[in-house]
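Here the structure comes first, spelled out in structure tokens, and everything after it is commentary.
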Amino acid sequence: AGGRCFCQVTGDLDDCACDVETIDAFNNNKLFPQLQTLLESDYFRFYKVNLNKACPFWATSSHCGLRDCAVKPCSPNEVPEGVRASHHNKYSAASNEPQQPDCEQEDQLGAVNVSLSNETREALLNWNRHDDEAERFCVVDDEESPDSQYVDLLLNPERFTGYRGADAWQIWNSIYEENCFKPLAVKRPLLPNVLHSSSGNDAKIFHSWLEGQCVEKRAFYRLISGLHASINIHLSARYLLDDTWFQKKWGHNVPEFQKRFDAELTAGEGPKRLRNLYFLYLIELRALAKALPFFQRSSFRLYTGRAQEDRKHKEMMLDILQLARSFPLHFDETSLFAGDEKEAAKLKEDIRLAFLNISRIMDCVGCFKCRLWGKLQTQGLGTALKILFSGRQIEALPPPGAQPPAFQLSRQEIVSLFNAFGRISTSIRELQNFRELLAEEP
């Protein structure tokens, strides 16, 4: 049983100078434990999100009525003062500095800090103009909106909610069919257990088409497929095994995992999707490594209002980023968009717009908890892509006290970046658990 899921999940990865075994050892033994500890800190556990946006693409019949789909937002006193204050200033250079708004400003989330100096106001305007340029890979929620609320990610974990069927299928179908550069005549391979089946010949045609695409479009598809695989691993690893009036028991559901990844049960597609998960891991790991100089600046702070803890958690974060940088077989992003400059720029813009569209689709997810984690993980991946293709700006960061750097990350982007990678890292670790569980199967 384990062989049918994992026999192909080994060795070198396509379009990379890396292998599965190196990633497993690095993640499971070194990075994963440290990252999980960091994500439990106050700076990273509170994420501000608008879960009430209307779907921009189609009419949604209703939101999921299942109780496990619900998200419990934080009350104001549950969020550290420093985190609440940081939303007044949009970018990290300002949002990670201590704020001391008065009581009235604390109560009004849309209040403006009138104590800002003229220089700071001008800096904020410059950063705002920079952010509005065509560089984003995903939609960012307006933190000033009254519909945006803080959510404690530790109290609203990603797990199986019962959300499935036509509505869930429409989300992924729209992502793959309309945003992955695939012609309609090429049918993507579907798992036998989904609402719409595909023929065995569809897979051959699809993969032949995919291999004929440029490396950038292949990479884009593999990122989306890897994200899909990661989400399915989380749902299988935190499945509702027992639901009675006095308790709920969550745990690993091996048959559910097999249904999604066993080669025999998925017409050979499951292992391919697991390999795409490893590709996604490499992309996000590389982004963290490249972002190290940005976070090393003395002006950058993980501000929550608790100075000692803030310093401790910044040191912990830098240790993780140094560890990420030490990985021996990083993905080489210079292999992307390396052809004719004009054609490369157009291709990059096409991919940026496709991912931007995918981030909008997250507002069509009917299950609020699924929507929360879908928005966070697409924003995290979008932030990783933003970092990967801002290498020159990061390398040219000005010294402390100079004008604001061209490259900026908002707190929302930082929280989503680390938590999204935390989800991928968890998925890699959970594969080891499923290997062990499948080895015990008769």
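Heads up, residue numbers simply count up from 1 along the chain you see.
Every residue, even glycine, has its Cβ placed from backbone N, Cα and C.
Look at TrEMBL and you will find C367 tagged as active site, nucleophile.
Packing around C370 (active site) is summarised by its Cβ count: 22 other Cβ atoms lie within 10 angstroms of its Cβ, all protein chains included. As annotated by TrEMBL, active site applies to C370.
Annotation comment: TrEMBL describes R159, T161, W172, S225, H228, R260 as FAD binding site. Under a cutoff of 8 A between CB atoms, and with a sequence separation of 6+ in the same chain, the neighbours of R159 (FAD binding site) are D68, H234, L235, R238, Y239, L240, W250.
Every protein chain considered, the tally of other Cβ atoms within 10 Å of the Cβ of C69 (disulfide bond) stands at 19. The disulfide bond feature in TrEMBL is assigned to C64-C69 (among others).
If you look up TrEMBL, you'll see C367-C370 (among others) marked as disulfide bond.
Binding-site extent for FAD: residues R159, T161, W172, S225, H228, R260, maximum pairwise Cα distance 21 Å (rounded to the nearest whole number).
Ranking the recorded positions C69, T161, W172 by Cα distance from C367 (active site, nucleophile) puts C69 first. Neighbour density around each Cβ, counted as other Cβ atoms within 10 Å, peaks among the binding-site residues H228, R260 at R260.
Using C69 (disulfide bond) as the reference Cα, a 10 A cut-off selects T161, C370 from the recorded positions T161, S225, H228, R260, C370.
The Cβ of W172 has fewer other Cβ atoms within 10 Å than any other of the recorded positions T161, W172, S225, C367. Here the Cα atom of C370 (active site) is found 18 Å from that of R260 (FAD binding site).
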